[in-house]
Amino acid sequence: MLTHLDDQGRAHMVDVGDKAVTQRQAQAQADVRMQPATLDLLVAGELPKGDVLATARIAGIMAAKRTADLIPLCHPLPLSSVAIEIEAHPAQSLLRIISTVRCTGRTGVEMEALMAASVAALTIYDMAKAVDRAMVIEQVFVRNKTGGARGDFQHPLTPLDTSE
């Protein structure tokens with residue numbers, strides 16, 4: 001059943017008023033594949049537009065906070081934290097963005113995590129396109145989520161993190 005449709009098939013915002021307030025967390029990932037020389041410039045901080053990685057982190061955080069303004073039917077959520085990690089993977093010639101979003105609320109933060117990772121990737125593309133127009137944004141997905149009535153989720157493409 002699609003929760004965003006009423007009994008007549010019309011879109012509506014899901015009523016979460018009766019759901020329990022719980023700790024929620026979601027992680028999302030986006031990869032930006034690029035030429036090896038572009039990755040070297042990014043990691044060294046030598047692109048003409050400045051510190052691309054710091055700008056991408058800030059853009060991702062801002063995007064998570066604006067998710068309800070951009071995705072129809074998303075609830076505005078009081079986010080507790082948004083973290084953006086950007087890892088260089090030279091062997092695959094890509095940057096991997098992992099966003100982690102937390103809140104205490106009645107609905108999950110998967111969309112906020114996806115927005116954060118996606119907009120961070122778009123920012124990297126925007127700031128590096130002058131040197132590499134062939135970059136590809138790929139593998140955008142929810143890695144995991146915790147909290148809520150439907151329980152935890154771990155995407156099969158990501159290893160289980162047991163460090164916490």
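Every residue number used here counts from 1 along the chain in the order it is shown.
Placement of Cβ uses the backbone N, Cα and C atoms for every residue, glycine included.
According to Swiss-Prot, the substrate binding site annotation covers Leu73, Cys74, His75, Met111, Glu112. Feature annotation from Swiss-Prot assigns active site to Asp126.
Feature map: Swiss-Prot annotations on the structure.
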residue: Cys74; record: substrate binding site; Cβ contacts under 8 Å, 6 or more apart: Thr67, Ala68, Met111
residue: His75; record: substrate binding site; Cβ contacts under 8 Å, 6 or more apart: Met13, Val14, Val16, Ala68, Gly105, Arg106, Thr107
residue: Glu112; record: substrate binding site; Cβ contacts under 8 Å, 6 or more apart: Ala26, Ala64, Lys65, Thr67, Leu77, Leu79, Val82, Val101, Cys103
residue: Asp126; record: active site; Cβ contacts under 8 Å, 6 or more apart: none
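A sphere of 10 angstroms centred on the C-beta of Met111 (substrate binding site) encloses 22 other C-beta atoms. Of all Cβ atoms in the shown protein chains, 12 besides its own fall within 10 Å of the Cβ of Leu73 (substrate binding site). Within 8 Å of the Cβ centroid of the substrate site, not counting the listed residues Leu73, Cys74, His75, Met111, Glu112, the chain contributes Thr67, Ala68, Ile71, Pro76, Leu77, Thr107. Glu112 (substrate binding site) carries a helical DSSP state (H, G or I). In the three-state DSSP assignment, the secondary structure recorded for His75 (substrate binding site) is coil.
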